Amino acid sequence: MIKIGIIREGKNPPDKRVPFTPTQIKELILNYGEDLEFLVESSPNRCFDDQEYIQAGVRVVNDVSEADILFGVKEVPISNLLPEKTYFFFSHTIKKQAYNRPLLKAILAKNIRLIDYEALKNEEGNRVVAFGRWAGIVGAYNALWTYGQKTGLYEIERARNLDGLSDLLNELKKIQLPPIKIIVIGTGRVGKGIKEILGALGIQEVSAHDFIHSYYEEPVFVVLKSEDFNRRKSDGGFDKEEFYSSPEKYESHFQKFAEVGEVLIGGGYWNPGAPRLFTMEDIKSPDFSISVIADITCDIRGSIPTTIRASTITDPIYDIERESGAEIPAFGSQTSISVMAIDNLPCELPRESSEEFGRHLSKWVIPALFEENSPILERATVTRDGDLTLEFMYLMDFVNQEE
């Protein structure tokens, strides 16, 4: 029998999302019978409360140490980590995120097997569990909310106050946009989520060429690929393979889009070696017409350098003063750039985003737990028995680095 524990989220502010909903656990127990047992650690913060789990026949406890495998969502505080266990969560360590170096060191010291959701991929290398679509949906909605707040042209409710996606789509009917041009970066799950919202509003998608050169009497958007705004420094060309392997040979020519676009929604993966979309110097130019940025990827000072910090669901916007590059209060000036950089966007629609996430876990991960040396779990195992696995040996220098 496999005993699974759902841990209480300990990161501050606590995440409302869950890896499995009460209904999903009930279905899994029906399907697997006595081979599978679930324990849920009591929590006052989840989008599904303790009572809902109890009603589904799940045992709610104050101590999950009897479980073999522990599932959470966000990083587990070091003091909460139980030695010798298997954990599933988003560790935010596999891209060498310096702020989580102590966490990875503690995981190794406690002989924990860490399986990172971000590394769960099928044989084709595609991720099998993610919240990306929901980040895209909420991020695009928040971009439109921000534009309404900044311009005063319309007023819509915050996503966090709405009761799910159907409510959110209903709220979009209040929006009447002028003929603005919206730039979207990203074609993956996040990008698809963004397009769902822009499509629901009836905004037309246009080509990169037409976006720059054509005039429209209604709002339009473009989805940019890397080749649209990066070029080889030596001759202005672009080779996809070379760009991904040697991004330092390339420079950005995003400025031509920034001169005609008013809203930028960033939802694409960024390699730290790749050029940034623009520089803080670029935003000083009167030709830089972007006034609202929704940075869903939220890489601090990354592809979008105006993202100087993450914002929060409670306090979603800050402005960047163009001339100085300094942060000022939200909508603090007519000419400043308003930035939405919430790093846990799916938490604004936690029940539906959790349902989709749990569905993927039920399909891909639960069956794999019953396989010996399951390839999907092996590929995503970052640490085991106090060591980094072969797949993640590249993190060794990162772990050994002094604080």
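Backbone N, Cα and C define each Cβ position, glycine as well.
Here the structure is a predicted model, which means the values were calculated and not measured.
Listed in sequence order, the residues of the same chain lying 6 or more apart from Lys74 (active site, proton acceptor) and placing their CB within less than 8 Å of its CB are Glu9, Lys11, Asp15, Phe89, Phe90, Asn344. Under the heading active site, proton acceptor, TrEMBL lists Lys74.
In this view, His92 (active site, proton donor) is surrounded by 16 other Cβ atoms within 10 Å of its Cβ, with every protein chain counted. Residues or ranges marked as active site, proton donor in TrEMBL: His92.
Annotation for Asp239 (NAD(+) binding site): spatial neighbours Arg232, criterion Cβ-Cβ under 8 Å with sequence separation of six or more. If you look up TrEMBL, you'll see Asp239, Tyr269, Ile342, Asp343, Asn344, Leu345 marked as NAD(+) binding site.
Feature annotation from TrEMBL assigns domain 'Alanine dehydrogenase/pyridine nucleotide transhydrogenase N-terminal' to 5-138.
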If you count Cβ atoms within 10 Å of each one, which of the binding-site residues Ile342, Leu345 comes out on top?
Leu345
Nonlocal neighbours by CB distance (under 8 Å) for Asp343 (NAD(+) binding site), same chain, sequence gap 6 or more:
Cys298, Ala310
Provide, as an integer number of angstrom, the distance between the C-alpha atoms of Tyr269 (NAD(+) binding site) and His92 (active site, proton donor).
14
Distance, His92 (active site, proton donor) to Ile342 (NAD(+) binding site) (CA atoms, angstrom):
16
Where does Leu345 (NAD(+) binding site) sit in the DSSP three-state scheme?
helix
